[in-house]
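A.B. asks: Swiss-Prot lists these features:
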- ASP37, GLY166, GLY227, GLY248, SER249: D-ribose 5-phosphate binding site (BINDING)
- LYS94: active site, schiff-base intermediate with D-ribose 5-phosphate (ACT_SITE)
- ARG178: D-glyceraldehyde 3-phosphate binding site (BINDING)
Amino acid sequence: MDSAAQSNQAQSVFGQTGTARVKRGMAEMLKGGVIMDVVIPEQARIAEGSGAVAVMALERVPSDIRAQGGVSRMSDPDMIESIIAAVTIPVMAKARIGHFVEAQILQSLGVDYIDESEVLTPADYTHHIDKWKFTVPFVCGATNLGEALRRINEGAAMIRSKGEAGTGDVSNATTHMRAIAGDIRRLTSLSEDELYVAAKELHAPYELVIEVARTNKLPVTLFTAGGIATPADAAMMMQLGAEGIFVGSGIFKSSDPAQRAAAIVKATTFYDDPDVLAKVSRGLGEAMAGIDVEQIAQPDRLAQRGW
């Protein structure tokens with residue numbers, strides 16, 4: 001579904017643009033899909049042709065951001081608009097944590113979603129963006145349930161469990177998805193009095209804690225990101241509870257991006273069918289080189305950004 005049709009469907013179903021229901025509904029429409037990082041229009045067209053449900057427009061994929069260092073900021077508006085013009089699927093773009101003016105610019109450009117991203121250099125170490133002030137839906141990362149609920153309380157319409165972006169090492173994504181799922185399971189077993197205590201421990205609003213305990217899930221869509229480089233990685237994260245996949249460097253840093261992109265899309269759809277997974281894992285060529293997360297010093301880990 002292209003971005004215009006998606007927006008029209010959200011309005012027809014929910015009746016009003018910019019409300020929490022509409023923004024969460026737009027995120028729901030991406031469930032079960034793969035969102036791919038792209039840096040040029042040709043990559044965006046490859047992603048769309050491979051079955052991606054959306055693309056993330058940025059000037060450097062996370063592995064290049066990590067390798068080149070320096071301050072990483074919002075992408076150039078001309079580059080973002082060239083991606084928007086190249087595809088019919090939704091386009092996301094990243095703003096720095098806390099940089100509400102970058103978010104204002106991205107909304108003005110007409111992106112379909114904004115990712116307040118730890119991959120970029122944070123602009124504010126005490127405040128995230130007040131996402132309620134925007135009509136465009138926001139995506140935010142989280143390493144645990146408390147972090148996820150704080151972002152939702154700020155207006156996030158989608159949460160992605162944080163892996164370590166730009167590494168090709170899925171271990172952090174696994175750790176944080178298990179942490180979120182484990183925290184949710186724990187809440188479902190608590191009494192009302194214990195949930196008050198849990199809300200304080202999580203530094204999260206009691207109302208959201210109650211909702212999670214009652215429904216056994218987050219109140220918004222939960223994707224995963226960071227380190228996913230193979231079809232098997234994508235399928236594992238779906239089996240662990242992700243409702244969709246972000247893939248950054250793993251596709252366009254591989255030897256055959258189009259084939260790997262299509263394989264990861266298929267693995268995300270048929271994540272519980274080992275026969276399909278074996279088939280799509282064949283003949284993909286070399287995956288991205290990758291970095292062992294354990295070799296990265298804690299202060300240099302992107303997933304630790306945010307609070």
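Glycine is treated like the rest: Cβ placed from N, Cα and C.
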A.B. asks: Measuring Cα to Cα, how many Å separate SER249 (D-ribose 5-phosphate binding site) from LYS94 (active site, schiff-base intermediate with D-ribose 5-phosphate)?
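C.D. replies: Computed Cα spacing between SER249 (D-ribose 5-phosphate binding site) and LYS94 (active site, schiff-base intermediate with D-ribose 5-phosphate) is 15 Å.
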A.B. asks: Round to a whole number and give the Cα-to-Cα distance in Å for the pair ASP37 (D-ribose 5-phosphate binding site) and the residue listed as 'active site, schiff-base intermediate with D-ribose 5-phosphate'.
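C.D. replies: Distance (Cα to Cα, whole Å): 10 Å.
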A.B. asks: I'd like the Cβ neighbour count for GLY248 (D-ribose 5-phosphate binding site), meaning other Cβ atoms within 10 Å of its Cβ, all protein chains included.
C.D. replies: 30
A.B. asks: How many neighbouring Cβ atoms, not counting its own, are there within 10 Å of the Cβ of SER249 (D-ribose 5-phosphate binding site)?
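C.D. replies: Excluding its own Cβ, SER249 (D-ribose 5-phosphate binding site) sees 27 Cβ atoms within 10 Å.
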A.B. asks: If you measure ARG178 (D-glyceraldehyde 3-phosphate binding site) to GLY227 (D-ribose 5-phosphate binding site) at Cα, how many Å is it?
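C.D. replies: Counting only the Cα atoms, the answer is 15 Å.
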A.B. asks: Translate the DSSP assignment of GLY227 (D-ribose 5-phosphate binding site) into the three-state scheme.
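C.D. replies: The three-state answer is coil.
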A.B. asks: Express the distance between the Cα positions of GLY227 (D-ribose 5-phosphate binding site) and the residue listed as 'active site, schiff-base intermediate with D-ribose 5-phosphate' as a whole number of Å.
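C.D. replies: Just about 18 Å between their Cα atoms.
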A.B. asks: Take the Cβ of GLY227 (D-ribose 5-phosphate binding site) and count every other Cβ within 10 Å, whichever protein chain it belongs to.
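C.D. replies: A 10 Å sphere around the Cβ of GLY227 (D-ribose 5-phosphate binding site) contains 30 other Cβ atoms.
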A.B. asks: Suppose we draw a 10 Å sphere around the Cβ of the residue listed as 'D-glyceraldehyde 3-phosphate binding site'. How many other Cβ atoms does it contain, all chains included?
C.D. replies: 13
A.B. asks: Helix, strand or coil by DSSP: which one applies to the residue listed as 'D-glyceraldehyde 3-phosphate binding site'?
C.D. replies: helix
A.B. asks: Reduce the DSSP letter at GLY248 (D-ribose 5-phosphate binding site) to three states and note it down.
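C.D. replies: Where GLY248 (D-ribose 5-phosphate binding site) sits, the three-state DSSP reduction gives coil.
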A.B. asks: Taking the Cβ of LYS94 (active site, schiff-base intermediate with D-ribose 5-phosphate) as the centre, count every other Cβ atom within 10 Å, in any protein chain shown.
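C.D. replies: That number is 28.
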A.B. asks: List the Cα distance (Å, whole number) between GLY248 (D-ribose 5-phosphate binding site) and LYS94 (active site, schiff-base intermediate with D-ribose 5-phosphate).
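C.D. replies: Here the two Cα atoms lie 12 Å apart.
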